[in-house]
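One structure, as structure tokens, below. Some questions next.
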Amino acid sequence: MSRVPGWLGRLGAGLSRMGRQLEERRARAEAEADADGPVGASPAGPGPGAAGPASGSGEASAAGARPGPPATGAPGPAGGSAAGESGSGLAAAQPEGGAPGIVPAPPAYAPAVAARPDPVDAVPWGMRVAAEAGWRLLVLAGTLWVVMKVISTVQLVVLAFVAALLITALLQPTVSRLKGFGLPRGLATALTAVTGFVIMGLVGWFVVWQVMDNLGNVSARVRDGIEELKRWAIDSPFHVTESQINDIAQNLSDTIGTNTEEITSAGLTGVTVMVEVLTGILLAMFSTLFLLYDGKKVWHWVLKLVPAQARPGVAGAGPRAWRTLTAYVRGTVIVALIDAVFIGLGIYFLDVPLAVPLGVFIFLFAFIPLVGAVISGALAVVVALVTNGVFTALMVLVVVLAVQQIEGHVLQPFILGRAVRVHPLAVVLTVAAGGLVAGIGGAVVAVPLVAVTNTVVGYLRAYSEDQVLRRLATVPAVGPLAPVGAVGSAGRAGGGPAGPGGSGGAGGAGGSGSAGEAGGAGGSGGAGGRERPETE
């Protein structure tokens, strides 16, 4: 039994030495963790101390388990006492008695794991913008492709309805005026539609009658004109011989004879086109009648198809788009009529045949901006050249250019105004695209479509900005709160009722009396502030 205390002492000394080593490793790990800046680590207070010498007392061995200065126990013998035994037990149980809520740092030998970045942050900003714009453009392109396929399938119906819209925009003011005179809506619609269709039919009949009546005279004059051109080419400085001209005429005749089947099929195609044109005219007439009579009901039905969130904006854009279309159609009709009258009079006084049909062609082609004027003017010059010679053709060219210059620089800006102003480049590109998609009909409806789209987009952009400003105006302004106990001058930002003992400014809570002086004109400086007599 005499050796038992010595054995216990050695065991206690070994446990103490092991505890010191563990504490040193833990201290090094915490130092490395603090240097790397781990999340959630907090200082654990002063580092735990070891228990002095190997044969210390119980308080010295347990000093690492509680804060405070280390106890300096008297060194005991190697055998120690029962207190040393209990001290070693406390040192071994020290991790369970640590501060609660402290997450121990990982050991020093654990490998450092780099934090994985957010996938969104890993992609560059420019690439994210390009990707978002790319898929939106793909969706838009797919939608447009589907729409164009549907339109190409029912092209006749679409063109007839668009023509009905243009005619309705032209005749709607007349219907409104007749209704203002007291006529019922049905009677006003019937009178306007019948009158408009009769006028269009009479103009078409007159053009056909003029062409048929002057066909024989024109044929003779064309032959004479060709002979005159032949003599002019021979006498010109271009050194053209009669044999070359005869060879050109023979080649043209052989080409016509070789392609007889193609010409015949083209004639059959022309018959099919005429049937489609007549069908489109009938569809346009019926659509015009219904649009003139029930245009508002049709528009309200279309609004019901729009989502509720976008309905107010579309409801405001619709009337503005209709006014733009009406202004475009009426202005274009007036400009085309002026062009047809003045150019037709010039052709008539220059004794060019088919003056009236040429005037009608000029009127119709005026609905195709820029391109239509060039085509109709070139047709008039060619007819004058073939029938009356070079001098008359030059005079017709002068008349056409003069009228078109006046129309482009004076009439269109004055009549059409800013309501339907479209950039010339947009007009050319739109007319070309419309002609490629739907032929002459597409070229006619392309420019009014762009004008209406421009009006709608401008209104919707202004409407969205106005809605944003309205929402910002309804949000109450919230300012920063002044800290309690701030200097009294902070109360100058607030206000309060006057009078002794009243509360100070809104920003002077807890300040001195000057806050109440500025905010409440003599009130108290706020909670806990000193009262101060009024000085201002």
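Just so you know, glycine gets a Cβ as well, placed from its N, Cα and C.
TrEMBL: automatically predicted annotations, no manual curation.
So TrEMBL lists these for the protein:
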- 20-31: compositional bias 'Basic and acidic residues' (COMPBIAS)
- 51-66: compositional bias 'Low complexity' (COMPBIAS)
- 83-93: compositional bias 'Low complexity' (COMPBIAS)
- 491-528: compositional bias 'Gly residues' (COMPBIAS)
- 1-97: region 'Disordered' (REGION)
- 490-536: region 'Disordered' (REGION)
- 187-208: transmembrane segment (TRANSMEM)
- 271-293: transmembrane segment (TRANSMEM)
- 327-349: transmembrane segment (TRANSMEM)
- 355-375: transmembrane segment (TRANSMEM)
- 382-406: transmembrane segment (TRANSMEM)
- 426-452: transmembrane segment (TRANSMEM)
Cβ pairs under 8 Å with the transmembrane segment (327-349): which stretch of 187-208, 271-293, 382-406 has the most?
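Looking only at 187-208, 271-293, 382-406, the most contacts with the transmembrane segment (327-349) come from 382-406.
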Kindly say whether the transmembrane segment (187-208) and the transmembrane segment (382-406) touch, using the definition of 3 or more Cβ pairs under 8 Å where each pair is 6 or more positions apart.
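As far as Cβ distances go (cut-off 8 Å, pairs 6 or more apart), the transmembrane segment (187-208) and the transmembrane segment (382-406) do not touch.
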Would you kindly list the residues that approach the transmembrane segment (355-375) from elsewhere in its chain, counting only those six or more residues past its ends and only Cβ-Cβ distances under 8 Å?
203, 206-207, 210-211, 332, 335-337, 339-341, 343-344, 347-348, 383, 404, 407, 424, 427-428, 431, 435, 440, 443-444, 447
Reported in the order helix, strand, coil, what are the DSSP residue counts of the compositional bias 'Basic and acidic residues' (20-31)?
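Secondary-structure breakdown of the compositional bias 'Basic and acidic residues' (20-31): 12 helix, 0 strand, 0 coil.
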Checking distant contacts: for the transmembrane segment (271-293), what same-chain residues at least six beyond its ends satisfy Cβ-Cβ under 8 A?
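Hits for the transmembrane segment (271-293): 156-157, 159-161, 163-165, 167-168, 171-172, 175, 185-186, 189, 192-193, 197.
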